[in-house]
Structures are given as C-alpha cells and as structure tokens.
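Beneath this line is the structure, given in structure tokens, with notes to follow.
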Amino acid sequence: MRQKRKGDLSPAQLMMLTIGDVIKQLIEAHEQGKDIDLNKVKTRTAAKYGLSAQPRLVDIIAAVPPQYRKVLVPKLKAKPIRTASGIAVVAVMCKPHRCPHISFTGNICVYCPGGPDSDFEYSTQSYTGYEPTSMRAIRARYDPYLQTRHRIEQLKQLGHSVDKVEFIVMGGTFMALPEEYRDYFIRNLHDALSGHTSNNIYEAVKYSERSLTKCIGITIETRPDYCMKRHLSDMLTYGCTRLEIGVQSVYEDVARDTNRGHTVKAVCESFHLAKDSGFKVVAHMMPDLPNVGLERDIEQFTEFFENPAFRPDGLKLYPTLVIRGTGLYELWKSGRYKSYSPSDLIELVARILALVPPWTRVYRVQRDIPMPLVSSGVEHGNLRELAFARMKDLGIQCRDVRTREVGIQEIHHKVRPYQVELVRRDYVANGGWETFLSYEDPDQDILIGLLRLRKCSEETFRFELVGGVSIVRELHVYGSVVPVSSRDPTKFQHQGFGMLLMEEAERIAREEHGSGKIAVISGVGTRNYYRKIGYRLQGPYMVKTLE
C-alpha cells in the first residue's frame, strides 16, 4: 500500500508525527547525557511538519513510552515551582456569599472587587471571577468535589506528583458561611481524595487518613473577627492546619477608612488564639492603601515583623489594585487616590522583602487578577523578580523561607546543598516562646527542612494543650514530592531530616520547656507518620507523653 506523503496527512496526523519526533529527540538527548531546550525542539519540529501550532505539553507527556517515563516526565514538568516545595497545592473556592461585616458597617471594604453585589456578579467576595482558580471553580459550579478532581487530573497531566495535596479554601470568609454548608464543602474535599462517600465530617476525615493521595493540610482564608475560639475549634475538626488572615494594615485609621469592619486589636487576638491552637498563621497585607504613603508603609512592615503581637509565619503581599466598581475606583477617578509609580512600588516591595525574618515565608507578592481589569496599581506581572533585581542593585538580600528552599534553589540556580547542619532560632511571638528549627547549608543559604515549636501560653483554650504542653505547629522537609512510603536518593523528602527535627523538638520540649506532653497539629493524611514514632490521636492533635 502506498505510504501517505506529508501533504496528504491531516493536521491531527501531522501533530502525532510531531509529538513522536519530539519524544525521539528527548530520548536521544537523555541517552547522550545532554540538556535540551524543550521550547526550541517543539518550535523546530512543528515547523518541520508544516504546523503553525506547537504540540501541547500534556500530549507530549501522555505519549512518553512507559520505560522512559521515570526519567523524562520530571524534565517535562510544567511549572516545576508548583511542587518544588514538596506538595501539590489545590486551590478551591466556596460559593459566592456576601461579606459578613456588611450587616454592621453597611458596606464592603473600599478596594474589594468581587461578591454577589459587584460588577463581577458570579464571583466570590474579593475575587473577579477571572483568576485561574475562580474560572476553575465557575466551570465546576463551585462543587468542591469536581474542583478537586479536575485540578488533580490537570496537575497529573502536567507531570506533577499528587501523592501529597494541600487544599487552600478561597472565596471570601469561609467561616461566615452556615455550618451545614461548611461541613458539606470540607467533607467533599476529603472524599475527592479518598474516593469514599461520607455521611459526615468525622467519617470523611477517618477515610482521608488512609487515602493513597494524602491530604497533608487545609488552609482556610478568614478575617480576624472570624478567627475566634469556636471558629478555630471547627477548623481543627476539618483537618485545617494553616490560616490565612486578612490583616491588610496595622494602622487603626487605615482599617477604619477602608471599612475593614474590625480593629487591629482583633488581629493581635486572632494571631494569639490561632498560634496557641497550633495553627500556622499567614497574613494578607496590602501596601499602597489610601492615606498611608511610602514611609508609613515601610514603618508598618517593620512593626509587623518586629512586634511580638504580630510576627506571622507567612505573608501574602497584595499591593493595592484599583478595579472598576469599587469605592477605591471612585476615589481614584476623582483624583483623591493615586497609586505608587511602578518604580516606587518595586522599591517598596524590595525593602519589605529585606525586612522578612528567616522564619517567615513569603507566599505571594501580588494578586493574580488579570491586568486588563486593573485600572491602576501593579503594572508588572513579575513583581517578585523585579523586586529581587532591585535588591541585588541595593546589595540587600531576601532571606525568607521560600527563597532559601532547596527545591526552589535547585530550579532557579541549579544549586544543591553540600554541608548540612541544624540551625536554631528562638523568638517570642503572641504570648508564647517560639523555636524555629531547620536543617540548612549555611554557606549557600539553602533550607532543607523546618520545624516550628511553640511553648503554649497560659491563655490556650484547647483542653488537649492545657497544663505544660509544647506544640509542633509545622514540620516540612522541602524538595520535590516523594510519595509518603518511598525513598528517592536524589530528593530531600524522606531522607530522615523530619525524624531528626522531631527528636530535637522533643528534647527542647522536655528539657527546656519543662513540658510533660508534646502535641502536633498534623494534616489528616500524615497522622500515620506520627503514629509510627509513638504518637496517638487526641482530639485533632497527635500527642506523645514525654518521659
């Protein structure tokens, strides 16, 4: 039978030939020990077959022969940063609902773009509906089960390991929603991982513990006034381990003028209660708010990191954006508000990043709201990179957790640790004694793993933590995801660093804190890890009596 010439083939057949050719070149490069620029190979090969479009990465990954998957897929992985910290993050959104403080302040925050009453009517509070997470949620009609399944499949297709999943529950103040809806939402997140259909939250958590895809934590976005004792207890039941608290400003006048609906005192109280319950606390902060100015902005971040009443474990930096339909948009249009210039904003972010202590992680430095929706504010989509470049010019460094992580260092600078040692940093925060333990390569400033230990204050309200108890608020070994039961000698997870950090934490709790018991706020899927080293479940915590 006559073989078809290139001109006789359909575009789909030509695309199949292109994908096969790309994979052949990748295999040859691997066998010769050469590095290869995938984008150049895709462009060149597509042109060779007369195609204007390049093959999709998802299709290339799907077509890799089984015997080469182990070596080629990690090289093809799209956006390796997504799992460089050792965890696949799955962001989900709850249904649109009104902001809880409307009932007593009469309005939402002046800068807030979203919500059911906004110009973006099908969006959740503080989102426009055009962010990637929002669009995935809208496609799934805000169904938590579908959002989770779709995102996990998407990450798998892009070559990421999804053995460990951390959920981020976004979409406004989740804890202001009715209890029945909250239970339904969290139950479905756990069920989407375990495959079990649960009748209640306790059953969902029980099955999630034994799931092959481990839920190593849930992060919930909330406000300081929805972070009180009953809210914290509910979140512990869900398997939540980290809180993202909307602070925005440490100035009382700014909180009042922007219609936040809570005081700065409420921020300090929520941090104290949350840390005494074992939660990791991430703060959302907004530089460039009305009536602040550059000097006051720098002062507030100095205060935020140095004052023991604040000192968060993590930071999401969201420079103020002017978006159509907000109160701030009207102020901007009438000339009563003006955003910082691009150069001033880069300078400010650079100086803020230089203030961040080594125990704090900067998760984000800008919102992912599409630029066409922004009337004034951030003009660059790569603000972090521009701030780092400015820091280099100024001769200052960012030493936050994320910048020093081994996985991130490997991706950006191809640097691997050489001389690893235990580093200890002690500080006082929110009424308790904090110890930040880490394994680092001090010469190259690379962080391999960390542990946050707290001697709870006397104000702790959880009965499991009363009377001389120390709590491990976080244990995390960085580097690419390694399944919980396996070892990969080239990756840093499961090389024993976690065990060494736990042993040192137990020693400090026993000998220095004088504690008779140590507790761990553990993600639902990692409880069995602690059972193996002598811990048992008490309420939402894994606990161990210290001899």
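Keep in mind that glycine also has a Cβ here, set from the backbone N, Cα and C atoms.
Taken from Swiss-Prot, the feature acetyl-CoA binding site applies to Lys164, Glu474, Leu475, His476, Val477, Phe497, Gly498, Met499, Tyr530, supported by similarity to another entry. Residues annotated as domain 'Radical SAM core' in Swiss-Prot, with sequence analysis given as evidence: 82-372. As annotated by Swiss-Prot, domain 'N-acetyltransferase' applies to 396-547. As annotated by Swiss-Prot, phosphoserine applies to Ser161. According to Swiss-Prot, the phosphotyrosine annotation covers Tyr202, Tyr251, on the basis of similarity to another entry. What Swiss-Prot lists as N6-methyllysine is Lys229.
Overlay of Swiss-Prot annotations on the structure.
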residue	record	DSSP class
Ser161	phosphoserine	coil
Tyr202	phosphotyrosine	helix
Lys229	N6-methyllysine	helix
Tyr251	phosphotyrosine	coil
Leu475	acetyl-CoA binding site	strand
Gly498	acetyl-CoA binding site	helix
Tyr530	acetyl-CoA binding site	helix
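For the pair Gly498 (acetyl-CoA binding site) and Tyr251 (phosphotyrosine), the Cα-Cα distance reads 39 Å.
A gap of 28 Å separates the Cα atoms of Tyr202 (phosphotyrosine) and Val477 (acetyl-CoA binding site).
Closest to the residue listed as 'phosphoserine' by Cα-Cα distance, out of the recorded positions Lys229, Tyr251, Leu475, Val477, is Val477. Of the residues the record lists as binding acetyl-CoA, namely Lys164, Glu474, Leu475, His476, Val477, Phe497, Gly498, Met499, Tyr530, the two whose Cα atoms sit farthest apart are 18 Å from each other. Annotated pair Lys164 (acetyl-CoA binding site) and the residue listed as 'N6-methyllysine', C-alpha to C-alpha distance, rounded: 29 Å.
Averaged over the domain 'Radical SAM core' (82-372), the predicted model reaches a pLDDT of 89. Cα-Cα distance from Leu475 (acetyl-CoA binding site) to Tyr251 (phosphotyrosine): 33 Å (rounded to the nearest whole number).
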